[in-house]
Amino acid sequence: MDDFTSISLLSLAMLVGCYVSGIIPLAVNFSEEKLKLVTVLGAGLLCGTALAVIVPEGVHALYEEALEAKHHEMGEIHKVKDAETGAEASVAHEHDHSNLHAYIGVSLVLGFVFMLLVDQIGSSHMHSADDPEAARAASSKITTTLGLVVHAAADGVALGAAASTSQTSVQLIVFVAIMLHKAPAAFGLVSFLMHAGLERNRIRKHLLVFALAAPLLSMLTYLGLSKSSKEALSEVNATGVAMLFSAGTFLYVATVHVLPEVGGMGHSHKQDLGAAKGLSRLEVCALVLGCLIPLVLSIGHQH
């Protein structure tokens, strides 16, 4: 199977899987209490996914690409010279690893800051409305969807970059990693939007945009890369960097938007402490369970 066919099939599977998992909360009629519980579970899934799946997968992709490049280089060097002192090699190895550490931090922070700026720009437009509370709620819904779409787009770039390496194992690892968090993310997004009171048709549109973002970007990335760009991308570990950038956007959405909203605290700066009741014991259990599910799935998916 050639690369184009495989990336097309993976993109289609990603679209269908994501949309179907997002439709589940819409297909079932929940009472107010159950909806809150499902929303809390969804928020837990988003946080657990960001921390237990996306960050480790991004780091893994980053180091795996570097190690493969290193093995290739070492093979070439051994062909030319068999006898070499190991001191220089170990210094170069340490230097490479410090570079990779920098990539990890920079990618995560850039993703987080990018979403922070998008949020601030969005809310500054929204807050000019007559009702600041309604404006805040609308801004929160839009930012949550936008954040997850940006995150999904970065995932798509990661998959497209992985497909361009022509290594099926890397493609499959990135695909499984993306699917492991896209399904819970779609579920979390829809349950959050339902909790926020969006109409079902609008929710379906939000979900469709989220589901389409990664497949479209993966195809565009794959088709848009020339041979020279592919080589340049493998030099800067594009797959790992894209996944870590998306992890930064994901962390922002999960922690700054969804969790406070679910906890009843929102972004509202109310002085009335009674309004921020927090979560019941059952809801806390659902939140913890949501955080643990991606962890269990990621342990099951060992490389």
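Glycine residues also receive a Cβ, built from the backbone N, Cα and C atoms like all the rest.
What Swiss-Prot lists as N-linked glycosylation site is Asn29, Asn237, and the listing cites sequence analysis. Here Swiss-Prot flags 7-27, 35-55, 102-122, 142-162, 172-192, 206-226, 240-260, 282-302 as transmembrane segment.
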Look over the recorded stretches 102-122, 142-162, 206-226 and say which has the most C-beta pairs under 8 A to the transmembrane segment (7-27).
206-226
Short question: most Cβ pairs under 8 Å with the transmembrane segment (35-55), which of 102-122, 206-226, 240-260?
240-260
For Asn29 (N-linked glycosylation site), which DSSP three-state class applies?
coil
State, in range form, which of 102-122, 206-226, 240-260 has the highest count of Cβ pairs under 8 Å to the transmembrane segment (142-162).
206-226
